[in-house]
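The annotation region 'Interaction with Gp41' is assigned in Swiss-Prot to 7-31 on the grounds of experimental evidence. Annotated region 'Interaction with host CALM1' per Swiss-Prot: 8-43, in sequence order. The region 'Interaction with host AP3D1' annotation in Swiss-Prot covers 12-19. Feature annotation from Swiss-Prot assigns motif 'Nuclear export signal' to 16-22. Swiss-Prot lists 73-77 with the feature region 'Interaction with membrane phosphatidylinositol 4,5-bisphosphate'. According to Swiss-Prot, the region 'Disordered' annotation covers 106-128, 444-464. Per Swiss-Prot, the feature region 'Interaction with human PPIA/CYPA and NUP153' maps to 189-227; the stated evidence is experimental evidence. Positions annotated as region 'Dimerization/Multimerization of capsid protein p24' by Swiss-Prot: 277-363. The region 'Dimerization of protease' annotation in Swiss-Prot covers 489-493, 537-543, 576-588 and rests on similarity to another entry. The domain 'Peptidase A2' feature in Swiss-Prot is assigned to 508-577. Marked as active site, for protease activity by Swiss-Prot on the basis of sequence analysis: 513. Annotated domain 'Reverse transcriptase' per Swiss-Prot: 631-821, in sequence order, evidence recorded as sequence analysis. Sequence annotations record features per position, and here Swiss-Prot assigns region 'RT 'primer grip'' to 814-822 based on similarity to another entry. Residues or ranges marked as motif 'Tryptophan repeat motif' in Swiss-Prot: 985-1001.
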């Protein structure tokens, strides 16, 4: 005892006995706990002496910790005791066991981190930087490695395939690891085609950049030598910063990780986009009754990633909703696992529950019961020298019999498996020729269409009679492998294959036995001579009579052969006759799974009437449908199907045959949407050159894939009769119909699954699959290649896909996807342009389509003038006269197409080069090649993305189109050769605001070169005449004026008709350009006009803008400036008076002076001025921009945190050595602030009581400053009934709002400080400005308006809530317009004078007051023990 007590000294023992066993508990540690621990350690063979030191305790803890997971409660108690003892030895103050365990965990984590850091340090000594893509070169400089085409390709593929689903965000994060803003912009520009998403992203980036500028103001004064300037928001976004600057910031000491910051902004934007593209809520994700648990979990987590919630909320969703929304089967299993189950345990437990896998397993179990190996009768002509392998009836193994079996005895009969008797007493002793148990009663062989069995049956074994024709009696040989009719009987082996045969004029039932050599029938008389014979069977040898050349009819097929007659227990048709009729035993692999299809929610199938058809069309349709029905593609239906789609027939091209067409437009509108598996067609320029090539075509592609059984009814159609002689013949599709929107996607999906095993087995063979066209290429010798092709054809045939010889191309040139492929080159299939005297709209559309197709290899093709002919809404048959330009364009294209042109195949080892030439009139042509004059492909670009553009902008768009096209075809971008000089390029892009990615390029001197036709000056031109221009128009009369006044006293006004304000502004600029010299200054107040001209367009769809461009090109120098409504520029007020007379109704000019005066006093933001003085936003913004005190930073955003109306945040800030106590109303951004003498509890409590006297304060949130935690403040809060919260980690009410308001307040104080003598005056002025002179945020109010609105709304909603709870106690019975029956009861939502609003189920309706009866809801009356209902029950 003494030895054990010596573990702790006196002082330590006192500490030990003060520590509680549990947090908040009464029991404390005693000496007995140390005695117990030392005894337990002896039990575990651990030295108890270790307890005397902290190091010994640490060693014991290290030994015990691994066993905690599996150990008993005693072991855990021992660990806890030693942990507390360790803390006492180490003099760590702890109050209870939990605190001691936390301290130990903290120490262990620290030691782990140190070890990891040490390991990382030793590993990283050799590396200078791991920050891809910025690396250190041999000279020690930090250089940038551009983002690779492979990474860009991966990113493009992700976006194209996932379409901004939640997976896009982690993928973007992974691909952009360590990237610079320039790399990130490159990634964004490669997916620039997604306009809506990119616009959302751009807005988010702009918002974040403005917020960055607000929080990081520019330091005044010059930058110190050796220091870098601080990045602005636009620098981080890569718009106004160079690559070198970005590298400098990222590698600076300390670094500014601009790449990571920009990446964070982009991810914020991507989150918004994902939310838009994935609108499904996590609450809507429920597991279907047959959906596998794995698929449900995939959907659940995919939607969870798109949810905008914190990680804690997401964890809660996973723990509760995942189980809650599972189907009943899985939910039962999941609940049994308990609350702490991991996802792995859940998925393992629910594996295979529900879904096709579960179904297949149940089916397999059923089959295993039916198909137990039974006795086998082998019938052979001669059994001599045959040795039978012995097989045990008990365990099923070969080599011993049941009597000698050592395995446990199997219950029941060894023959039939039933209990209650042994095998010797079994009644089922007859020879079983089927090798299956007699599981089903005898029945006739049923006719199944190939399509139905494929679509409906699970994994199956089938006996199939492959019929050719009734007269075919020759032995089946190699000549029979080719064509096979699809209307043969299929006899499944779920029951014995008994069929009716006709022999000697008699009908008999016989068993089809593929294991018997001969045909044996029971006693009967047959004509002709016979000879005696002995045959062996399971029951021994039997004597039979042999008849030769006997005619037998089996399943409608005739055969002549040898028949044996004798005492057989069952009639057997053996292989000697089965081979003649083409019978085979098939083991087909699982059929193509049908893809489940549904209609759009809330829609029903099509019910479109059949229109009348001519007699020849009806006859043709009847013939086609009869044949299709035989093949199982369609089935007849009765009148119970209410759906219908019109059907008609057209003649095939160059043929007398008819083709059936079904007008599925209405069904397509109602069918669910499908995701197209392939986003485009493969291009021959992307093919690698192969030694051997074959092109195959899948025959009747769609008709080989079954349609979902539940969807077939919607494909119903009717063939009418002439003069309605009889009711129409009704059919529905069993397979994918031509013309239905789901057929391409389902077929492609099925085909991909079928080809997958062949692709895996033959990785060296390239298979390009697009719909029913297959391109197969390999580097094998032609003989081996063709063997592989036959294997592929057989593989497809097993799944029911035929590849007709007619379309099997073995020799070049191969016709594929509209292309002509040769061994070493490719081209488009010959194109013949029609010669016509008159052209209809339809003719021109087809012509443009042909030319576009040809342009991918014929360089220089143009279609701009031909497309102009199609502008406007015209009927397809309308004749369009060709313009002179269009005729010339068509003639040029004919010349180009006269000479055949070929493209070559892609060589992965060589670089891609793209060269672009300008053709004029906004048209561009390009060639992509690897070797000069050997084009991979060519193309054209002629798209104008805006009304006004210039060549540089169009060239950029063309480059981006070619780069995207290259990534799709080859997975990388080419090097570009562009007809533009670097100087021209720089002159344009340094001024142009939009950041655009351009890949690597070089100048190539190919006339005509791209140039800028004019440039605007950046500063006013000294000595040039200045024109003040303006225009105005009346909206109602469309009358307007445009004019100018110059600084030299000239003026001019021109009246205009049928015009707009925008046109008059442009007209005024045109007048100034016309009447001015070679150098001119122009001042306008039109942002619209400024925006057009500053982009330096050189072509425009607008005639007026084109005229302005002509004038600009003639000038030597032009300076264009904008002013807000001519403020401060003498001549402009005159011109405004000139053009406004009798035109403008409302002028905002008067408001500008007042707004400027107010801004000089209060420095209001632009929203407040626009609202108070009725100014256009652009004018209000200009006033703010011209103020030297306001243009330093972006303005603050208010009202962005949505919180309860009673919550305030308090904080102290310091300025000029004084303390300012600030309170902010979180929901509105309203501020109360005061300069206090000292930062004490007394002053804070007094301020808090004043605040509570003015506003309803429910909660105050502060930091842990001594003045806020003082008893005085606590007493004040208690008295005023205010709840006090402090800034603890993970508290959702962070101090962020008050911190930003402090900065905002200081900023405003800085703006007005020179207007006040004392700081306390400036503080109150700043509070006034903030609360009443700044608008923005929620509702566009000022903070003062917003707090009043929030409090008033809170009172109203509380009152309204009381009214709602009262009104919900009423129920309404109502009548619809013409229905006399009273409906209801419905819930009363609102009662007005003339009508009531009610909710009936989920529908909300408005019912006139006269058609509604309102009654109070007293609840359901329950039947009591003595009520009439109970008495009736007793009777």
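Even glycines carry a Cβ here, placed using N, Cα and C.
Mean pLDDT, taken over the region 'Interaction with human PPIA/CYPA and NUP153' (189-227), works out to 81 on the 0 to 100 scale.
Helix, strand and coil content of the region 'Interaction with Gp41' (7-31), in residues and according to DSSP, is 8 helix, 2 strand, 15 coil.
Listed as Cβ neighbours of the region 'Interaction with host CALM1' (8-43) (distance under 8 Å, sequence separation of 6 or more from its ends, same chain) are residues 1, 50-51, 60, 74, 78, 81-82, 84-85, 88-89, 94-100.
Every protein chain shown contributes to the tally, and the Cβ of the residue listed as 'active site, for protease activity' ends up with 25 other Cβ atoms within 10 Å.
Residue counts for the region 'Interaction with human PPIA/CYPA and NUP153' (189-227) under DSSP, split into helix (H, G, I), strand (E, B) and coil, are 23 helix, 0 strand, 16 coil.
Taken through DSSP, the region 'Interaction with membrane phosphatidylinositol 4,5-bisphosphate' (73-77) splits into 5 helix, 0 strand, 0 coil.
Reduced to three states, the DSSP call for residue 513 (active site, for protease activity) is coil. Across the domain 'Peptidase A2' (508-577), DSSP helix (H, G, I), strand (E, B) and coil residues number 3 helix, 41 strand, 26 coil.
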